Amino acid sequence: MSFLIDSSIMITSQILFFGFGWLFFMRQLFKDYEIRQYVVQVIFSVTFAFSCTMFELIIFEILGVLNSSSRYFHWKMNLCVILLILVFMVPFYIGYFIVSNIRLLHKQRLLFSCLLWLTFMYFFWKLGDPFPILSPKHGILSIEQLISRVGVIGVTLMALLSGFGAVNCPYTYMSYFLRNVTDTDILALERRLLQTMDMIISKKKRMAMARRTMFQKGEVHNKPSGFWGMIKSVTTSASGSENLTLIQQEVDALEELSRQLFLETADLYATKERIEYSKTFKGKYFNFLGYFFSIYCVWKIFMATINIVFDRVGKTDPVTRGIEITVNYLGIQFDVKFWSQHISFILVGIIIVTSIRGLLITLTKFFYAISSSKSSNVIVLLLAQIMGMYFVSSVLLIRMSMPLEYRTIITEVLGELQFNFYHRWFDVIFLVSALSSILFLYLAHKQAPEKQMAP
């Protein structure tokens with residue numbers, strides 16, 4: 001009876017997650033596009049539902065909600081379904097929609113879709129060869145084979161996003177990095193933009209006048225008399241077309257310049273708004289957060305370097321370790337086990353909420369940046385693939401943030417994976433991503449004033 005009640009709770013929560021994923025799909029991703037394939041919407045919503053269910057089961061594990069055997073069953077079932085979606089269903093449909101957009105392959109799209117899926121499976125399987133991700137006990141058809149490979153891709157994505165976010169967040173929030181933009185700078189750039197637009201209009205007028213003159217001459221000398229008249233008309237039209245071609249090239253160059261000037265003007269306006277915003281109370285609060293995140297970024301890079309150099313992986317969760325150090329230093333009586341459980345629950349909850357929110361914001365921006373009416377179905381499926389792999393690998397990494405007694409069932413469900421490898425791999429990719437982001441933002445920040453000062 002308790003299993004039925006537990007299952008009804010899980011099914012209800014999955015329906016709610018599915019509905020939220022459906023609404024997000026309709027209201028955010030596809031609000032400007034026509035939905036042609038409902039299977040894409042269903043796959044995205046199902047992936048989102050089962051991804052969120054894994055985080056829900058982590059919270060249930062800490063709070064002790066549901067029976068232990070029920071949690072284990074739903075962990076196992078949830079993991080099997082999400083792997084089925086990520087390894088078999090989504091890659092096949094991505095190949096199917098890619099082939100469907102190619103007219104030459106339209107009649108045999110099912111065959112070519114299967115070939116693309118088999119190609120994906122080959123490279124997906126070969127991905128595990130260079131990495132020590134599995135125990136030798138596992139067979140070739142075990143579920144751990146799939147989890148381990150999905151985990152490598154997902155952890156790589158997480159580390160790349162985390163490394164960039166750890167650097168970009170303080171750069172975005174701190175007023176220290178803002179350029180000093182005045183109204184004079186904006187007016188000067190706007191004047192250049194207007195001058196460029198005037199030049200484009202005048203040259204287009206010249207082109208229109210030249211075409212009109214050529215058309216009128218063509219009507220007057222419509223039927224040239226004799227051989228020399230024909231030669232004259234041909235040479236006149238050739239020289240006129242050459243002039244038009246040269247003017248058109250000048251117009252194209254000026255239009256490209258006007259686009260760049262417009263983007264620079266918009267950037268100056270955005271920077272000026274950020275300067276005004278930084279003077280408000282909320283702006284000062286985010287500026288303080290920027291300093292806090294910059295300290296966190298330096299600490300995270302330092303710890304990642306230490307972990308890589310000394311091949312170190314923590315045995316206890318960070319909360320318990322931090323409380324133990326504080327209690328021993330102050331020499332006070334404190335129930336470390338009791339409070340570490342509650343603080344770990346809050347920490348894991350914050351990690352889960354920020355992970356879901358941050359990923360959804362990133363997916364929305366990414367979708368609008370590269371999507372079109374033809375490619376939107378393929379891109380949504382790619383986003384579903386990234387989202388699923390991201391959440392599966394989040395479970396692998398969040399496991400280390402939980403006290404030891406709560407890790408048992410997750411370890412049993414995920415199998416005997418080499419968990420230490422994933423943490424070391426995360427540190428390596430995080431460090432590379434963070435240092436690359438620092439270099440990129442430094443060069444971008446250095447070039448911005450030079451652009452502004454350019455005549």
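Residue numbering: from 1, along the chain as shown.
A Cβ is built for glycine as well, from the same backbone N, Cα and C atoms used for every other residue.
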Statement: Candidates Asn67, Asn243; Swiss-Prot annotation N-linked glycosylation site sits on Asn243
Task: Provide, as an integer number of angstrom, the distance between the C-alpha atoms of Asn180 (N-linked glycosylation site) and Asn243 (N-linked glycosylation site).
output: 44
Message: I'm a bit unsure how to read this: which one of 5-25, 79-99, 378-398 has the highest number of Cβ pairs shorter than 8 Å with the transmembrane segment (46-66)?
response: 5-25
- prompt: When neighbour density is defined as the number of other C-beta atoms within 10 angstroms of a residue's C-beta, which of the glycosylation sites Asn180, Asn243 has the lowest density?
  reply: Asn180
Statement: Note: vs the transmembrane segment (378-398), the recorded stretch with the largest number of Cβ pairs under 8 Å from 5-25, 79-99, 150-170, 425-445 is 150-170
